[in-house]
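Quick look at what Swiss-Prot annotates:
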type	residues	note
DOMAIN	17-146	domain 'Photolyase/cryptochrome alpha/beta'
BINDING	TYR242, THR254, SER255, GLN256, LEU257, SER258, ASP394, GLY395, ASP396	FAD binding site
BINDING	ARG246, GLN425	DNA binding site
REGION	297-304	region 'Interaction with DNA'
SITE	TRP328	site 'Electron transfer via tryptophanyl radical'
SITE	TRP381	site 'Electron transfer via tryptophanyl radical'
SITE	TRP404	site 'Electron transfer via tryptophanyl radical'
Amino acid sequence: MGRQLILFPMSDQSDHPLILLWHRRDLRLNDHLALAKARQKTAKIVGVFCLDNKILQAEDMAPARVAYLLGCLQSLQDHYQRLGSELLVFQADPVQLLPKLANTLGAHGVTWTLDTEPYAQKRDLAVAQALRERGLAIATEWDQLMHHPGEVLTQAGSPYTVYTPFWKNWSQLPKTSPVPTPKDLQGLTPAEKEKLAPLEPLAIPQLADLGFIWDQPLPLTPGEEAAEQRLDWFVAHGLEEYQQNRNFPALDGTSQLSAALKFGVISPRTLWQTTLEAWEQSRSEEARASIETWQQELAWREFYQHCLYSFPALAQGPYRSPFQEFPWEENQDHFQAWCEGRTGYPIIDAAMAQLNQTGWMHNRCRMIVASFLIKDLILNWQWGELYFMQTLYDGDLAANNGGWQWSASSGMDPKPLRIFNPHTQAQKFDPEGEYIRTWLPQLARFDTGDLLTGKLTPGSRRSVNYPEPIVDHNQQQREFKRRYQLVK
């Protein structure tokens, strides 16, 4: 698709000044490139969002993620109204809806921001074709990435498949500054709104209206304002200590902006600009090292997005072909125990409790539980990948797939065979047992050393109805290594 897909460029002069801004993973008006460019042509810009059943009814949809999405839509609609326009919401196929909507309103054209996911790319091409057939203008922008996939390439002109050289190139490229937010917009006239009735616009639905149940508070309040407030908090209290605190799940040491980035509630340009300002104000090498570490995490996100764009088959299975035939176990009981946090390993079960209760899990714990599923239970990493997508409120195809393939040593930028010992990980990253006690309160009274090493007596476990370990770590890691050598 390249940098931009402009099949019918938008002219500067038009008898039909209305432009529709089709939102997907860009649920904001601040620092929005497509909006800023459209505003140069007209003030009459109306937002559109399609609740797409192909996405909502997919097996990898998480109730918590839909809850966050709906909250972001409400925030976005409020922002449009403050500027004088509106966000139109439909439950419809965008390929069918957008041409009808544009024609009904006499719009000049439709603008949107591009996506790296395979489904989104196919959908966008179909929408563009349908709009072009009706003579409607189209403008698109890469806006969820600092650098689009065609911009960061090896000297041979091919996509990177290893992170470190990607980072070296990516970090040296000039970065675009945030773009201004329009001060005002114009919405539809009463007569135009009356024309919408046959297309059945919706009030933003409740979660239950879409068939989902989620009654827990979300880790991050939906919407632009909450994301910007969290960023401000993180810069003031967490960014300069990020390097030393980010791996300790009991600490509030990460930005927790992953869901906001997933849905484009905040722009990567805004985040990058914030890091530059923090760098200038920092007073120690340690602080600057932390800032650069967080910048590298932003680049990891883009690396996985670029990989998915360039190698869409990643979404279907292992990148490294030998792993297509890996002899996985098929033990459903072990998988259910992992999903439900009943493995008998406190750090694993605490992490899964956090995921199931909040829709979010600390990144260090994501690596620990992924390693356990793959290399202790010897279960197919794709089972875990799907379960994460079914539960994470920040679930992102590229990042989730990239993380799981990294853990399985089957994807891009594989590390040498690495098996996390859950007890060692607990001792290193939850040394006081605070995280375990938070999410497994039934174990709170036991000795910290026993919690971290899992050396709880059978009687202690029975007294709080906590299970025995479902596998022996040392035995299972030997077996995984044996199988790994067969397909390596």
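Quick reminder: no glycine exception, Cβ is built from N, Cα and C everywhere.
Helix first, then strand, then coil: DSSP counts for the domain 'Photolyase/cryptochrome alpha/beta' (17-146) stand at 60 helix, 26 strand, 44 coil. Secondary structure at LEU257 (FAD binding site), taken from DSSP and collapsed to helix, strand or coil, is coil.
Other Cβ atoms within 10 Å of the Cβ of ASP394 (FAD binding site) number 25 in total over all chains.
Ranking the recorded positions TYR242, TRP328, TRP381, TRP404 by other CB atoms within 10 A of the CB puts TRP328 at the bottom. Long-range Cβ neighbours of LEU257 (FAD binding site) (same chain, at least 6 residues apart, Cβ-Cβ under 8 Å): LEU220, ALA227, ARG230, LEU231, PHE234, ILE266, LEU271. The 10 Å shell around the Cβ of SER255 (FAD binding site) contains 25 further Cβ atoms across the protein chains shown. Of ARG246, TRP404, GLN425, all annotated as recorded positions, the residue with the shortest Cα distance to SER255 (FAD binding site) is ARG246.
Straight-line distance linking the Cα atoms of TRP381 (site 'Electron transfer via tryptophanyl radical') and TRP404 (site 'Electron transfer via tryptophanyl radical'), rounded to a whole number, equals 6 Å. A gap of 12 Å separates the Cα atoms of TRP404 (site 'Electron transfer via tryptophanyl radical') and ASP396 (FAD binding site). Nearest neighbour of ASP396 (FAD binding site) by Cα distance, taken over the recorded positions ARG246, TRP328, GLN425: ARG246. Taken residue by residue, the region 'Interaction with DNA' (297-304) breaks down under DSSP into 8 helix, 0 strand, 0 coil. Under DSSP, GLN425 (DNA binding site) is assigned to a helix (H, G or I) in the three-state scheme. In sequence order, ILE347, ARG364, ILE368 constitute the residues six or more apart from GLN425 (DNA binding site) in its chain with CB-CB distances below 8 Å. Within the model, the domain 'Photolyase/cryptochrome alpha/beta' (17-146) shows a mean pLDDT value of 98, rounded to a whole number.
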